[in-house]
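Structure first, then comments.
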Amino acid sequence: MPKNKDESQKAIVRTYYIIEGDKIKLKNKKCPRCGSIMAHHMKPVERWACGKCGYTEFIGKGK
C-alpha cells in the first residue's frame, strides 16, 4: 500500500485522446448517465462499462 495518496498510480489521461491535425478526439465513449469516460471490455462479453456509476452497454447479439 502506498504511504500517501499521491504515491498511488493514477490513470494516464493522455492515452484517452487522439490528435488529428488541429483537433483533439476522445478514443473511448462517454457515459450517458454521469459523463465520465467508459472502458471497453472484450471478455467474457464485449461491452462498454463505466467505473464511476456502473452503467454498462453490451455490444453484439443477445442470446
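Cβ coordinates come from backbone N, Cα and C, glycine included.
Fair warning: this is a prediction, and the values are worked out from it, not measured in the lab.
Copied over from Swiss-Prot, here are the features:
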BINDING   Cys31, Cys34, Cys50, Cys53  Zn(2+) binding site
ZN_FING   31-53  zinc finger
Cys50 (Zn(2+) binding site), number of other Cβ atoms within 10 Å: 20
Lowest local Cβ density (other Cβ within 10 Å) among binding-site residues: Cys31, Cys53: Cys53
Secondary structure tally of the zinc finger (31-53) (DSSP, helix then strand then coil): 0 helix, 7 strand, 16 coil
Shell of the Zn(2+) site beyond Cys31, Cys34, Cys50, Cys53, same chain only (C-beta within 8 angstroms of their C-beta centre): Pro32, Arg33, Gly35, Ser36, Met38, Gly51, Lys52, Gly54, Tyr55
Around the Cβ of Cys34 (Zn(2+) binding site), the count of other Cβ atoms that are within 10 Å: 12
